[in-house]
Amino acid sequence: MATQHSRTAARIMMTPAVFLLLVWMLVPLSMTLWFSFRRFLPLRGGDQGFVWFENYTRFISSSSFWPAVQTTLVIVGGVLLVSIVFGILLALLLDQPMWGQGVVRILVIAPFFVMPTVSALVWKNMFMDPTNGLFAHLWRAFGADPVVWLSDVPTFSIIMIVSWQWLPFATLILLTAIQSLDSEQLEAAEMDGAGPLARFGFITLPHLSRAITIVILIQTIFLLSIFAEIFVTTGGAFGTRTLTYLIYQRVLESQNVGLGSAGGVYAIILANIVALFLMRIVGKNLDR
Amino acid sequence: MGRITLDKVRKAFGEVEVIPPLDLTIEDGEFVVFVGPSGCGKSTLLRLIAGLEDVSGGQIRIDGQDATMVPPAKRGLAMVFQSYALYPHMSVRKNIAFPLRMAKLDPAEQNRRVEAAAEVLNLTDYLDRRPGQLSGGQRQRVAIGRAIVREPAAFLFDEPLSNLDAALRVGMRLEISELHKRLKTTMIYVTHDQVEAMTMADKIVVLRAGHIEQVGSPLELYREPRNTFVAGFIGSPKMNLLEGAEAEKRGATTVGIRPEHITPSATEGQWKGRVGVAEHLGSDTFFHVHVDGWPEPITVRAGGEVDMNHGDTIYLTPDEERMHRFDAQGLRIA
């Protein structure tokens, strides 16, 4: 299609963008790698030279490492589960013709526009506060003892908050997928004797598999690095310390840049393992 | 058995009445074609029979049983859709077996019926492929296979050939006709193509704006169209409809003469005209002739070897016996 000349021109035009992207990624990455091999304590003597893999062994042998990995996976998995199950239900609901469809759809998307810090604060103070929160009032209205959400069921609470933010994204993608389903297929299944549940299971759900895959992929990438929601609610206490949060604590609370950087490299490895798994499962789905 | 009776069936979408009260009987084993221009309500009528749309009034009876409120799956009818509506994530085998699986049939029996249907439709080699890997004609056959295995009381076809290319369409037309001869099951077939209607039907139902214009065998419709609409719709190329002096001379408001019932000549005849476009098909030649004083050119069929071209003078003689006469309302004068 393109001539030699236009291809050359295209390459030259793309160079600044490619260069900027490389710098943007490579500089922080190589700095992280550099620091991870050094003993660097900003308030206790500064940069004290190479220690090579000592940071790596210390980070992984710390008693908080494996619990943090586990918490990360629990939160990511929990949010994925909630947002996909409820996302499908909401999408099915929004696909029905109803009055005020346009407004309702915008309202459903709204949580996605709220900043993570703000939404976490709203949840913490308005809903989950054990004395003044709406949930506390609701519980008391039924004569029950209010749940102290953030210390009794902290992981669950965080999953709830993060799911609330990501549900609109899942709903939106699944809704467009549902709308692209050929209605004749559903009618054919109806004539073939499939009831509503069978139609959902045999026709709609397989049709959605690709969209579900995309939701899982994109959300996982973002969910592995959630931070604000934990920072403003539990501050990493009560077993809600994820890998990201652990790294933050190592760098800023213990003032150990080298140790934190080593943690960062582990996070990169973890993300890649998860991504590899997902690509395997998902790749099969996307090929079709 | 598949005798379907429509009794004053009516369909309205909101204020708009798509199908005014309509009566129709389809006998067991008949091949009935609903034909009409697009938007005439033929597909809606089919969907009413299938149960995919609710009737606004009247009654649908299948084998004498009132089926008006029966859900589609329980009517014992199978439908082949225009887009085939195959399930893309299932293999051909699973597609065809789907209605049996929904009916919770014994797996061995399912397999037997699928194999039998595949045999009939030449699909045996494709059973493990997915619909995406098949050609248009093969997909069409899978859709028919999915209908056959249910052993329905009647088959409903909704413009099944309109997504195929011309050559394939002729082939599939024959296959469906043969299938009907072999199964002897009632078939209702919707199309806008009058050639399909003429070649396949035992009985044609011509529809316009939800009204039945005429019901009859292909040749009845060809020989004795009840009004000018049917006259113009059935037959290819279209019947020539003349108004004015020629019609008055024969005591009618409109007269119609088919292209094949006019004899062209280079030397003498009743009407004198000039050849406009000549379409040479080899077996036939169609002349579009401009006759002085007539607003529209008139179409004439001649033998394949008649050598006349654009601008030549031509004389035409209509076969008076085969002239159709219509009154001011467009109805046939016997």
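A Cβ is built for glycine as well, from the same backbone N, Cα and C atoms used for every other residue.
If you look up TrEMBL, you'll see A:69-278 marked as domain 'ABC transmembrane type-1'. What TrEMBL records for A:12-37, A:73-94, A:106-123, A:156-178, A:211-238, A:258-279 is transmembrane segment.
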Problem - Candidates A:12-37, A:73-94, A:106-123, A:258-279; stretch with most C-beta pairs under 8 Å toward the transmembrane segment (A:156-178) - result: A:73-94
Problem - Closest-packing stretch to the transmembrane segment (A:106-123), where packing means Cβ pairs under 8 Å, from A:12-37, A:211-238, A:258-279 - result: A:211-238
Practice task
Would you kindly list the residues that approach the transmembrane segment (A:73-94) from elsewhere in its chain, counting only those six or more residues past its ends and only Cβ-Cβ distances under 8 Å?
Solution key: 101, 104-105, 108, 155-156, 158-160, 162-163, 166-167, 169-171, 173-175, 177-178, 200, 204, 208, 212, 215-216, 219-220, 223-224, 226, 240, 242, 274
Exercise for the section: Report, as numbers and ranges, every residue of the chain located at least six residues beyond the transmembrane segment (A:258-279) whose Cβ falls under 8 Å of a Cβ in that stretch; write 'none' if there are none. Expected result: 32-41, 51, 55-56, 58-60, 69, 72, 76, 216-217, 220-221, 224, 243-244, 246-248, 250-251
